[in-house]
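*Asks:* Sharing the feature lines straight out of TrEMBL:
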DOMAIN    83-118  domain 'Leucine-rich repeat-containing N-terminal plant-type'
SIGNAL    1-32  signal peptide
Amino acid sequence: MGRGTTTTNSLFFSSLLLLLSSLLFQNGVVYAQEKIASSEEEALGLFQERETLEIIIGGGTTPPDYTPCPPPPKPLSRLDKARKVLLNFTNYIVDPKGFTSNWCTQTINTCDFKGIRCAPYPHSNELAVAGLDLNQAGIYGRNNKPLSLSGILDRIPELTFFHVNSNNFSSSVPKEIISYGFFFELDLSNNKLCGQFPMETLKNKNLVFLDLRFNNLAGPIPWQLFEMDLDVIFINNNKFNQFLPQNFGNTPARYLTFANNQLCGPIPRSIGKAANTLTEVLFLGNRFDGCLPYEIGNLKKAVVFDVSMNQLTGPIPYSFGCLRQIQFLNLAKNKFYGAVPENVCKLPGLINNGNLTLSNNYFTEVGPECRKLIKSKVLDLTNNCVPGLLNQRPQKECWEFLHSVKPCPNEKYLLSYAPCAGWKETENTEEVAAATEPVTYNALKPHRLRL
């Protein structure tokens, strides 16, 4: 290529360079001052993209419009949780007496709800609903639906007592009560419970008061009931049947009512094991049969013993003379026979305004001490077979019974043995306090009990 051509090309590139320089200068870019890329990533713009990505996922500088997440809500207190349960319960009930009328949002303090008892929860000292008393409220389910214990009894684990006498609860006892650490009293009396004995009540080892009377419970009484550390057992006026368990005497309960059920068989001999605790026991209005065991004489603290209106037979055991605290002894309306023991008629608790009821049996003999009680109207011996006494059975009726009755297997022993050590008739003349109204007889009415 000639020199002319070379010169022409040089002029062309020079002109092009001047034109580009002019354009760059006009756009405020001076490439001579631009930083030289230190890496291929920087040259390709990848460094800027990575920096932006780090900002997006939390690295690097926080964007000016970033809003942190709000903190989690504060956990509800024990009292607030119970409040929600109580308010929710009112949605499912009809309260004809307005018992729960102030269970509403307008009542600021949950402890002001009627029938609610609050107390500091052990260990944490946090205020909680400790008890619920809906006794005699007459509450029933809305829209004629069954009134369930679930939804209230199973939702307040801080409960120490739950009293709902005279309502319309009809469901089973929720199993949640098994884990309640301070649950001592359960009163479900005079409701509409049905089915067999609620075993859930026997799995909370803290329970000391159990009231299931006036319901429609049926079937056998479980042996586990008498292994619990209960002080009060009221299960009268149901439909319990079959024999009493043989471990009956293991119970430490002071007050027992089995009245007006369909229990049968003999009174268990183990009853004597309850000597140090049993104070009042009602067996009346069942189908018990057989002879009374002499071990009943061990009940040195018994104040009330009532087996009336059954099918029991045999003589009164001589051991009954050991019942030094007895004030109410009722054997009426059975098939007892023989002589009324004189040592029983000398018991101080009976003499001092007590009550000895032996009417409607087949007794044939009374001594001078018993006649004193008849005169003072402590002893009722009407409609028996005692010669010379007024208001006795017809002679023919007595003869027919006494010639057909089968004696007890150990009758001679029953008529001679007294389990109290060193027993002497003169010891029974000691004074005791005048008889007071028994606790258990109040249980024969469906209203609430005040022990």
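Glycine residues also receive a Cβ, built from the backbone N, Cα and C atoms like all the rest.
Remember, TrEMBL labels are computer predictions, not curated facts.
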*Asks:* Given a Cβ distance threshold of under 8 angstroms, which distant residues of the chain, six or more beyond its ends, lie next to the domain 'Leucine-rich repeat-containing N-terminal plant-type' (83-118)?
*Replies:* 76, 127-134, 137-142, 145, 147-148, 151-152, 155-156, 161
*Asks:* Mean pLDDT, the domain 'Leucine-rich repeat-containing N-terminal plant-type' (83-118)?
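*Replies:* Summing pLDDT over the domain 'Leucine-rich repeat-containing N-terminal plant-type' (83-118) and dividing by its length gives 97.
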*Asks:* Based on DSSP, tally up the residues of the domain 'Leucine-rich repeat-containing N-terminal plant-type' (83-118) by helix, strand and coil.
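*Replies:* Residue counts in helix, strand and coil order: 13 helix, 5 strand, 18 coil.
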